[in-house]
Amino acid sequence: MEENVLFALALTLIAGLCTGIGSLLSIVYQRFNPKFLCLALAFSAGVMIYVSFVEILGKARSSLMSLYDVKTASIYTTLGFFAGIAFIAVLDRFLPENRLPKNNGKENENDKLMRMGLFAALALGLHNFPEGLATFMGAIADPAYGVGITVAIAIHNIPEGIAVAVPIFYATKSRKKAFTYSFLSGLAEPAGALVGYFILKNLMDDYFFGLIFSSVAGIMVYISLSELIPTANEYGNQRLTLWGIIGGMLLMASSLILLM
């Protein structure tokens with residue numbers, strides 16, 4: 001049993017660290033490139049919107065359906081989704097406002113990008129925490145299943161790393177900071193496994209997972225619509241933003257197929 005626990009923990013650590021690969025891919029260019037930033041931000045939005053509606057809300061509803069009928073589970077999922085939106089909207093309201101006159105432009109743009117990256121790190125960290133616990137428990141039950149799901153989640157985490165690293169890199173011009181924040185959001189995966197298994201496993205029931213997943217979906221959609229897409233348009237144009245969103249959705253759809 002102890003060997004299975006260590007093996008499962010190693011798998012969740014590998015999956016989580018793959019967010020770092022995404023961050024490295026996103027910061028290979030030293031020069032500021034507005035079109036690349038537009039595409040990357042839109043790509044991140046596509047990743048987060050697709051995974052929220054297609055995967056995370058589905059997980060939330062499935063968890064709640066083990067406790068309630070379909071209609072009640074759907075109601076709780078919807079409430080959790082909008083509670084997540086309300087939470088991040090309130091947080092956004094009390095953070096310093098960055099939409100100041102353009103003659104202060106460069107500094108304000110950097111502040112805005114930094115905030116965007118931190119929001120993405122928060123949302124993806126919250127998403128990775130229960131996902132890490134679920135992967136960990138699955139790997140303990142069946143190590144072969146654990147290897148398969150780890151490969152899929154590792155690929156799935158690469159675009160999530162991009163979503164965190166790109167705005168932070170362009171805000172700070174620091175590869176180290178971009179990689180660090182992306183890396184930390186990925187560490188939520190093994191952290192979820194450890195904390196969940198050793199401390200919270202008796203409290204983390206299907207109701208808990210359902211509400212956490214649905215709230216995280218709301219947070220990620222809000223960040224995408226409120227921050228990522230408008231900022232992408234500022235650095236490029238609507239057509240470039242559209243193709244970035246579609247590209248992010250396509251890559252995330254492909255990675256989710258591997259989870260099936």
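Cβ atoms are placed via backbone N, Cα and C, with glycine included.
Taken from TrEMBL as is:
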- 6-29: transmembrane segment (TRANSMEM)
- 36-53: transmembrane segment (TRANSMEM)
- 73-95: transmembrane segment (TRANSMEM)
- 116-141: transmembrane segment (TRANSMEM)
- Asn128, Glu131, Asn157, Glu160, Glu189: Fe(2+) binding site (BINDING)
- Glu131, His156, Glu160: Zn(2+) binding site (BINDING)
- 178-200: transmembrane segment (TRANSMEM)
- 206-228: transmembrane segment (TRANSMEM)
- 240-259: transmembrane segment (TRANSMEM)
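The transmembrane segment (240-259) makes contact with the transmembrane segment (36-53), as judged by at least three Cβ pairs under 8 Å among residues 6 or more apart in sequence. Within the same chain, the transmembrane segment (36-53) packs against the transmembrane segment (206-228): three or more Cβ pairs sit under 8 Å, each pair at least 6 residues apart. In this structure, Glu189 (Fe(2+) binding site) is part of a helix by DSSP.
Where the transmembrane segment (73-95) meets the stretches 6-29, 178-200, 206-228, the count of C-beta pairs under 8 angstroms peaks at 206-228. Residue environment of Glu189 (Fe(2+) binding site) contains 32 other Cβ atoms, counted within 10 Å of its Cβ in all protein chains. Long-range Cβ proximity for Glu160 (Fe(2+) binding site), meaning a same-chain Cβ under 8 A and a gap of 6 or more residues, is found for Thr19, Gly22, Val47, Leu124, His127, Asn128, Ser185, Gly186.
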